[in-house]
Amino acid sequence: MRPERPRPRGSAPGPMETPPWDPARNDSLPPTLTPAVPPYVKLGLTVVYTVFYALLFVFIYVQLWLVLRYRHKRLSYQSVFLFLCLFWASLRTVLFSFYFKDFVAANSLSPFVFWLLYCFPVCLQFFTLTLMNLYFTQVIFKAKSKYSPELLKYRLPLYLASLFISLVFLLVNLTCAVLVKTGNWERKVIVSVRVAINDTLFVLCAVSLSICLYKISKMSLANIYLESKGSSVCQVTAIGVTVILLYTSRACYNLFILSFSQNKSVHSFDYDWYNVSDQADLKNQLGDAGYVLFGVVLFVWELLPTTLVVYFFRVRNPTKDLTNPGMVPSHGFSPRSYFFDNPRRYDSDDDLAWNIAPQGLQGGFAPDYYDWGQQTNSFLAQAGTLQDSTLDPDKPSLG
């Protein structure tokens, strides 16, 4: 039997041979194609993401129902925070529910629906960050209003400034999304402008919030006020610092990638931070690896800080402290007078130091009904009268 001579290197392959893959040819395919993520992993992650957001949605919905159940003030910092977080959780739940049925259709929605599901939740998170700045700034104002009542006149400008910043953030996102979808503008330029403006506002709000937390930690009256709300400086500082670090790290990452996007050695995620809608539109489909990173980033940079905010503004039973045997009877408040409960709120006599209710104190927090000075002075006056009557039987009693 004659040995088969080797085929020349340039000859055509035989009928049973697989042609070698030539990466220079567009019509050639690699020998094997495997998905970046197995389908069952992607389905499992979709289930986990959807369940987490759905549970948060149910929890916030229960909190809003408790606001009505306990007859708290309906329009308050607490209710607005919870409503924003409820809207955010609902949008994220709907977004991930799309991936159960059609992975491609979730990235090819109509322009408005696409912006609503992908970009608008970040706007809602910025609104919550702005509202946290407004909340803690008012804590400082109310703590200082006893000695500096003129600070209360700055509340209206503070409201207007917060509203203006929120509107700027919303309009920038909406305008850039419309230009990307309908205009002939350079998408990279639009994305860069939006990222630069949005992340700068995020960083500025985070810096402002850190300054507020620092001032609160140095003010004893602010500590008393937070104790009356069922919170404490340590709790406020821990939650605030965590939220600041998460939002700031997200913004700094995006600004870093934006600044060094021309550097080929710098590798970013499979998409531009919260401009996921633009990046997915350019690719027409979010890849498997990009989908995993998308869920992880949303979990760390969105779900975690939102959960902390919801925990801080959760609704508690206002009647729980009324049965506390250590509470002074004359300090009894209406069940509608607060939405933070703290069994230790009157353990210290230092709480009586804030015995003058500043003007306008009832209008800022939910629901505020603090006549600390009147109730304290009334209690002390009655106690003094009873003591005098006991020591001097001939002295007529005023009661």
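Using N, Cα and C of the backbone, Cβ positions are placed for all residues, glycine too.
Database features, via Swiss-Prot:
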- 1-46: topological domain 'Lumenal' (TOPO_DOM)
- 1-22: region 'Disordered' (REGION)
- Asn26: N-linked glycosylation site (CARBOHYD)
- 47-67: transmembrane segment (TRANSMEM)
- 68-79: topological domain 'Cytoplasmic' (TOPO_DOM)
- 80-100: transmembrane segment (TRANSMEM)
- 101-111: topological domain 'Lumenal' (TOPO_DOM)
- 112-132: transmembrane segment (TRANSMEM)
- 133-159: topological domain 'Cytoplasmic' (TOPO_DOM)
- 160-180: transmembrane segment (TRANSMEM)
- 181-188: topological domain 'Lumenal' (TOPO_DOM)
- 189-209: transmembrane segment (TRANSMEM)
- 210-237: topological domain 'Cytoplasmic' (TOPO_DOM)
- 238-258: transmembrane segment (TRANSMEM)
- 259-292: topological domain 'Lumenal' (TOPO_DOM)
- Asn263: N-linked glycosylation site (CARBOHYD)
- Asn275: N-linked glycosylation site (CARBOHYD)
- 293-313: transmembrane segment (TRANSMEM)
- 314-399: topological domain 'Cytoplasmic' (TOPO_DOM)
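In the predicted model, the topological domain 'Lumenal' (101-111) has a mean pLDDT of 69. Long-range neighbours of the transmembrane segment (189-209) within the same chain, counting only residues 6 or more positions beyond its ends whose Cβ lies under 8 Å from a Cβ of the stretch, are 122, 126, 129-130, 132-133, 136, 165, 168-169, 172-173, 176, 179-180, 240, 243-244, 247-248, 250-252, 254-255, 258, 272-275, 278. Counting C-beta pairs under 8 angstroms (sequence separation of 6 or more), the transmembrane segment (47-67) reaches the transmembrane segment (293-313) with 3 or more such pairs. Comparison of 80-100, 238-258, 293-313 by number of C-beta pairs under 8 angstroms to the transmembrane segment (112-132) places 80-100 first. Nonlocal intrachain contacts for the transmembrane segment (80-100), taken as residues 6+ away from its ends with a CB within less than 8 angstroms of a stretch CB, comprise 42-43, 46, 49-50, 53-54, 56-57, 60-61, 63-64, 67, 106, 109, 116-118, 120-121, 124-125, 127-128, 131, 291, 295, 298, 302-303, 306, 309-310, 313.
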